[in-house]
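Notes follow once the structure below has been shown.
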């Protein structure tokens, strides 16, 4: 929703403050295939294995989202 940085949920979420729906201090992300322990996974980390002859999808290091490669 508008103004939220992360989905409010359980209070014990280490990345997201359930009261404010904002990322906790030092957190870059709260969820996503390219988010690991509240931080973006490094550029080039595989986030989705390829099917067929297409290459694997890899994290950019700048987002928690796993971008689809251009070959699909």
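Easy rule for this one: first residue shown is 1, then count along the chain.
Each residue, glycine too, has its Cβ placed from N, Cα and C.
Since the structure is predicted, the reported quantities are computational estimates derived from the model, not experimental observations.
For 6-21 (among others), the entry in Swiss-Prot reads disulfide bond, with the evidence type similarity to another entry. Neighbour list (residue 21 (disulfide bond), Cβ cut-off 8 Å, at least 6 residues apart, same chain): 1, 3, 4, 5, 6, 7, 8.
The feature disulfide bond is assigned by Swiss-Prot to 8-16 (among others).
Taken from Swiss-Prot, the feature disulfide bond covers 15-38 (among others), and the record attributes it to similarity to another entry. Taking the Cβ of residue 15 (disulfide bond) as reference, residues of its chain lying under 8 Å away and at least six apart in sequence are, in sequence order, 6, 23, 24, 27, 29, 30, 31, 35, 38.
As annotated by Swiss-Prot, disulfide bond applies to 29-35 (among others). In the three-state DSSP scheme, residue 35 (disulfide bond) falls into the strand class.
For residue 34 (disulfide bond), the same-chain residues lying six or more positions away in sequence with a CB closer than 8 A to its CB are 40, 41, 45, 47, 59, 60, 63, 64, 65, 66. Residues annotated as disulfide bond in Swiss-Prot: 34-59 (among others).
Annotated disulfide bond per Swiss-Prot: 47-66 (among others), in sequence order. In the three-state DSSP reading, residue 66 (disulfide bond) counts as coil.
Per Swiss-Prot, domain 'Disintegrin' is recorded for 1-72, and the stated evidence type is sequence analysis.
The region 'Disordered' annotation in Swiss-Prot covers 52-72.
A simple way to gauge crowding: the CB of residue 47 (disulfide bond) has 18 other CB atoms within 10 angstroms, across all the protein chains here.
Ranked by how many other Cβ atoms sit within 10 Å of their Cβ, the disulfide-bonded residues 16, 35 place 35 at the bottom.
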